[in-house]
Every structure is written in structure tokens, then in C-alpha cells.
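Scroll down for the structure; my scribbles are underneath it.
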């Protein structure tokens with residue numbers, strides 16, 4: 001009775017013997033609090049990560065760097081993960097997981113603030129333009145200075161002295177701060193996923209674990225909605241807002257030289273990430289394992305921590321105290337066992353290849369929308385956030401719900417994930433048909449002589465109509481002629497005079513625009529978006545459908561990873577999976593996708609101090625084939641690898657089933673033997689009793 005009373009008091013406090021110092025809160029409440037806190041942490045890290053991707057074109061233009069270098073910056077997040085993830089996953093599973101997650105969130109916020117730092121320590125953004133803001137002046141300098149193209153250097157630059165203060169210009173190296181901040185973000189994000197998911201799987205019932213993981217991952221996909229919306233808002237605001245007069249800015253958000261207030265979003269994301277760390281400091285190290293009915297209907301009997309419970313067959317007790325030395329000695333043998341698991345290795349290869357495809361596609365999708373369909377960065381980010389990401393979130397949640405409703409086993413989950421991915425792949429082939437003609441730019445996509453057909457052959461920018469002008473071939477200062485053709489600069493359009501100022505500047509007497517030479521041109525590229533506007537809604541609709549279908553298999557695929565291995569290897573398997581995918585997909589994918597995209601550039605910008613800057617216009621046909629072709633080729637390879645994966649998984653399940661049957665038979669034999677022994681004892685007792693009774697009867701008769 002005393003033992004029962006003591007056990008009741010322990011259950012009432014929601015603690016086991018190994019949790020004497022934990023807060024006096026019920027396990028139901030603590031698990032729900034952990035779910036809320038982890039969901040918010042997922043939201044925060046997803047928001048800052050998606051905001052990083054939404055600022056790709058802004059960072060390219062601000063720091064004058066090509067796409068492959070942006071890929072290096074984007075991949076630096078994964079480098080941060082790579083540094084610590086294996087050790088955090090292995091040792092963190094045996095330590096205080098909520099507090100380790102809290103420390104990670106703090107590091108993430110510091111890294112996010114460091115990314116925004118360059119804006120406050122470098123000068124104002126200067127873009128190449130011949131348009132000036134002139135006050136109280138009706139006479140502007142001629143955009144066509146007298147000279148000859150022969151006076152230019154071989155690379156098409158004007159032989160002039162570099163801008164004042166160019167030697168001290170720190171823009172060339174400021175992107176390193178962005179890279180270092182992103183590395184720190186990656187280090188901080190490391191414990192959130194493996195420790196958070198394993199914590200839920202340890203202390204939730206088996207039937208609810210998949211739903212909880214689905215809920216958390218759904219919230220993590222809601223984060224990018226706000227990340228891209230924040231990116232859309234900041235892209236509309238000029239980078240130096242508050243420091244310059246907006247009347248003097250001669251470009252619009254649709255211009256290839258426009259840079260939005262990229263730094264502002266990082267400050268907001270940093271504050272949100274810092275707030276997400278707070279709840280984890282108050283959560284317990286471990287919880288009593290829930291009964292069959294789940295934490296939402298907990299009773300003291302169900303939440304008692306019974307170490308011999310069959311529920312522990314797939315749980316791994318995190319509160320088992322082990323010395324650091326013992327854990328270190330077990331690390332290599334445990335890792336060897338994990339990597340010897342064939343199904344796990346196949347799963348790893350498939351997800352690495354598919355994530356290469358997914359990460360490369362998502363990283364450059366806003367840029368693809370901007371370049372191919374001639375949308376502004378703000379609109380591209382807005383559409384990603386409002387249309388595409390919610391479809392992914394709905395798909396992730398629906399996948400977790402379907403897995404619970406259909407009660408899918410491991411093989412069912414694998415088939416479901418494969419089927420959804422295959423359907424999405426087939427639908428993605430239609431993206432190749434959704435083409436859009438490039439802008440008509442004289443000297444870039446068409447020649448000055450033939451203004452009808454777009455051609456991507458190399459065209460000369462100098463011709464007879466601008467031969468009297470002393471122009472630079474490397475400048476990008478587009479103007480739209482009356483004939484609907486865009487010219488690289490007013491000088492190359494042969495314009496000899498201009499009127500007005502700022503965005504309202506009009507160039508006149510442009511010899512290349514019309515034969516008579518009395519035609520005008522206005523600032524900026526010609527719109528020419530009729531064909532794109534017709535095709536763009538179909539592209540968005542197909543993008544939403546494919547995103548939803550592919551994401552349906554996300555949660556079943558993730559639960560396959562957890563269930564195909566032994567419980568003791570769960571945390572390490574999650575951690576090593578994250579390590580491998582980040583190393584072999586997260587780091588290289590943005591770099592080689594960016595490098596391949598760079599090869600389709602038709603016109604590079606020029607840095608102030610010389611050298612190639614950001615790309616101004618791409619060959620849209622080559623861009624589409626390279627971007628979509630690389631994405632789908634990788635997914636094709638992953639499908640081929642899935643075939644041996646299914647064979648190995650089927651063999652593993654059959655083997656486990658045979659072992660279970662043998663185990664049941666062995667247990668049944670033991671129980672039968674016990675029953676026989678019991679019957680034998682009872683029989684002997686009966687015989688003794690009968691002998692005793694007979695003896696007594698004889699004595700009585702005597």
C-alpha cells in the first residue's frame with residue numbers, strides 16, 4: 001500500500017524517479033507547450049531562411065556578384081550545420097534537449113543580425129546611369145558625347161580614371177559578412193530539427209507522432225509565406241530609404257538595377273528568432289511516456305513511466321544518464337551500425353538527389369519568375385508567398401493526416417511518397433512548354449539592322465547610327481525607343497539631347513530609333529509583356545498543383561526514415577540524414593545551379609572599380625532549359641535508385657515479420673511449458689490430497 005501511495009504521488013507530480021528536479025507540470029501540458037515552442041522555432045527559422053532566398057537578386061545587385069557566388073552565400077548556412085550537426089544530434093539526445101534548442105535559436109538570431117550589418121558600414125548604393133536629377137535647369141548634358149568607338153579600350157570601357165575613393169571601396173568584400181552571418185545561422189539551426197522531432201517521437205504515442213510531426217512541419221512551411229511576403233514588402237522599398245531623397249532615384253522596382261531594403265527584413269527576422277528561444281528555457285528535460293490514448297486524454301495511470309512497458313519498443317529513454325566518455329566511445333560503432341543499414345543508405349541517396357533538385361529549384365525560382373516572365377522582385381516574392389508556399393503547407397499537413405487515417409505502414413508510406421513524387425514529376429514536364437520571348441534589346445537580343453527577329457547570336461552594339469557618339473559598351477542604362485525597342489544606353493541609341501529630370505527624362509534626336517533621327521526614347525526597358533502575361537497564370541496554376549502533390553509525400557517520407565531503423569539509432573539517424581543532405585545537397589546545389597544560370601547571361605553589369613558585376617539580362621530560352629532540365633534530370637536519377645530501395649525494404653519487412661513470428665512461438669512455448677509445470681504441481685497436490693484423504697478415511701474406519 002505504501003509503494004502504491006508513493007507511486008501515486010510521483011504520478012500526480014508528472015515525474016519519474018529520474019526527473020526529481022523537473023518543474024511540477026503535467027506531462028500533457030509540457031508536451032503541448034513543447035509542440036507550440038517547436039512550431040514557433042520552426043516558423044522563425046523558416047521565415048529567415050525563405051527571406052534569404054527572396055533577397056538573392058537584391059544581394060547580387062547590391063554587392064555586384066554573379067549567381068554562383070550567391071549560391072556560395074546561400075550554401076554557407078548548410079556549412080554551419082555541417083560543423084556541428086552530427087555531435088549535436090548524438091550527444092544532444094542524451095542531454096537537456098529543450099535548452100540546447102534555446103541556445104541554437106539565440107545563435108540564429110545573432111547570425112541574422114550580422115547579415116544585415118554591411119548596410120550600416122558601407123556607402124550608399126550607386127547604380128550606373130546617365131540620367132541625373134537636375135534642379136532648376138532646362139538644359140541637360142548631351143548623352144552622346146562627340147568621339148569615336150575606336151577610342152574605347154578593347155573591353156568596351158571608357159578610358160577614364162576610376163571613380164574617386166574606388167581603392168577604399170569595401171563593397172567588394174562586404175558580402176563576406178553575409179556569408180559569416182549565414183554560417184552562424186546554420187550552426188544555431190542545427191539542434192532544432194533532430195532534437196525537436198526525436199523529443200516528440202519519444203514522448204508522444206505512436207499513432208499521434210506522425211500527426212504531431214506533420215503539424216510542426218506544416219507550421220515550418222507557413223514560415224516561408226511570411227518570409228516571402230516580407231521579402232516582397234522590402235523589395236518595394238529603396239535600399240537607402242531614409243538616407244536619400246526618393247525624388248532623386250531615377251529607377252523603378254522593375255528595373256534590373258533596383259535594390260530593395262534587403263537589410264530591413266533581416267532585422268525583423270532576427271527579433272522573431274530571438275523571441276522563439278524563450279519558451280525552451282522553461283521546458284523539462286524529459287516527460288513520462290504517454291499511454292495509448294495520447295496526451296490529450298492523460299490520466300495518472302496512463303502517464304506513469306513504466307520502464308518495462310511495450311510502448312518502449314520504439315522509444316528511446318532520453319533521461320538515461322551516461323557519462324560523456326562512454327557516449328564518445330559508442331559514437332563510431334553506432335555510426336558504423338547505422339551506415340550498414342541498407343534501406344537507410346538507399347533512402348539517404350534518394351533524398352540527397354531529390355533535395356539537390358528541390359533546393360536548386362526553390363533557390364532560383366523567384367529569379368526565374370523575374371527573368372523569364374519579366375516580373376519585379378517584389379511581385380515574384382509575393383506570388384511565392386501567397387500562392388506557392390500555402391500549397392506546400394496544405395500538402396504537408398494533408399500527408400500527415402492521410403498517413404494517420406489510412407494507417408499506412410512503412411511500405412505504404414514509401415509507396416505513397418514515391419507515387420506523389422512521380423505524379424509531380426510528370427506534371428513538371430509541362431513547364432517546358434510555358435515559354436516567354438525575351439525582351440527586344442538592340443545589340444543584345446537583336447541586331448541594329450534587323451529589328452524583327454530575336455536572335456541570341458553575338459551582336460555588335462556599335463553601328464553607323466551611333467558611330468559619332470563616344471559610348472561605353474559595358475554600361476547598362478536602358479532606354480525605350482518610340483519603335484518599341486530597348487537600347488542598352490541613350491548614348492548607344494544615338495540620342496543627342498535630353499529634357500526633364502529623374503524618371504521623367506526624355507531623350508530626343510535618337511538616330512538609332514528612327515531613320516530621320518528625330519525620334520525620342522524614355523528611361524527604362526520597354527514593357528513588352530503581352531505574351532508573358534497570357535502565359536504567366538498557367539505557369540502559376542501548374543506550379544501550385546505540382547507543389548501540393550509533391551509535398552503530400554513529405555511527412556510519410558519523413559516517418560519512413562524514423563521507422564525503418566532501430567529506436568536507439570533514431571536521433572543519430574535523423575542527425576546524420578540532415579548532415580548528409582546539407583553537405584551533399586544544401587551546399588553544392590545553389591552553387592552549381594547558379595553557375596549554370598550564369599552561363600545563360602547575355603549582358604553583364606559593370607562594377608564601379610572594374611570587373612564583371614551582376615547579370616542584367618539572360619537568354620530566356622537557355623535559362624529555361626538549363627533551370628528546368630537540371631531540376632528534372634536529378635529527379636529522374638532518384639526514381640531509378642528507388643527500385644532497389646523498394647526491394648531491400650520489402651526484404652527487411654519480411655525478415656522482421658519472420659522474427660516476430662518466431663519470437664511469438666518461442667514465447668508461446670515458454671508459456672505452455674509454464675502451464676504444464678503448473679498443471680503438474682496441481683496434479684501432484686491433488687494426488688497428495690487424495691492420499692491424505694484415503695489415509696484419514698482408513699483411520700476413521702479403523
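Every residue, even glycine, has its Cβ placed from backbone N, Cα and C.
Automated prediction, rather than curation, is the source of TrEMBL annotations.
Look at TrEMBL and you will find 1-26 tagged as region 'Disordered'.
The compositional bias 'Basic and acidic residues' annotation in TrEMBL covers 1-24.
What TrEMBL lists as transmembrane segment is 29-48 (among others).
Look at TrEMBL and you will find 34-654 tagged as domain 'Major facilitator superfamily (MFS) profile'. Across the domain 'Major facilitator superfamily (MFS) profile' (34-654), the model assigns an average pLDDT of 78.
If you look up TrEMBL, you'll see 68-93 (among others) marked as transmembrane segment.
Residues or ranges marked as transmembrane segment in TrEMBL: 100-122 (among others).
According to TrEMBL, the feature transmembrane segment maps to 263-283 (among others). Sequence-distant neighbours of the transmembrane segment (263-283) (same chain, 6+ residues past either end, Cβ-Cβ under 8 Å): 23, 30, 33-34, 36-37, 40-41, 43-45, 47-48, 51, 54-55, 98-99, 101-106, 108-110, 112-113, 115-116, 118-120, 227, 230-231, 233-234, 237, 239.
Per TrEMBL, the feature transmembrane segment maps to 344-362 (among others).
Among the features that TrEMBL reports, transmembrane segment is placed at 382-402 (among others).
Residues 354, 399, 402-403, 408, 535, 538-539, 542, 545-547, 549-554, 556-557, 560, 624-625, 628, 631-632, 635-636, 638-639, 642, 645-646, 649 of the same chain, all 6+ positions outside the transmembrane segment (414-434), place their C-beta atoms under 8 angstroms from a C-beta of that stretch. If you look up TrEMBL, you'll see 414-434 (among others) marked as transmembrane segment.
Under the heading domain 'Kazal-like', TrEMBL lists 459-514.
Same-chain neighbours of the transmembrane segment (535-561): 209-210, 213-214, 217, 221, 344, 347, 351, 373, 375, 383, 387-388, 391-396, 398-400, 402-403, 408, 410, 412-414, 416-421, 423-424, 427-428, 430-431, 434-436, 573-574, 577, counting only residues six or more beyond its ends whose CB sits under 8 Å from a CB of the stretch. What TrEMBL lists as transmembrane segment is 535-561 (among others).
Sequence annotations record features per position, and here TrEMBL assigns transmembrane segment to 573-597 (among others). Counting only same-chain residues 6+ beyond the ends of the transmembrane segment (573-597), those with a CB under 8 A from a CB of the stretch are 66-72, 74-75, 77-79, 81-82, 85-86, 88-90, 186, 193-194, 197-198, 335, 338, 344, 347-348, 351-353, 355-357, 359-360, 363-364, 367, 561-562, 565, 618, 623, 626-627, 630.
Annotation comment: TrEMBL describes 625-649 (among others) as transmembrane segment.
Packing against the transmembrane segment (344-362) from elsewhere in the chain are residues 53, 338, 421, 557, 560-561, 564-565, 573, 577, 580-581, 584-586, 588-590, 592-593, 627, 630-632, 634-635, 637-638, 641-642, 644-645, 648-649: each is 6 or more residues past its ends and has a CB under 8 Å from a CB in it. Sequence-distant neighbours of the transmembrane segment (100-122) (same chain, 6+ residues past either end, Cβ-Cβ under 8 Å): 38, 41, 44-45, 48, 52, 63, 80, 88, 92, 170-171, 174-175, 177-178, 180-192, 195-196, 239, 262-264, 266-267, 269-271, 273-274, 276-278, 280-281.
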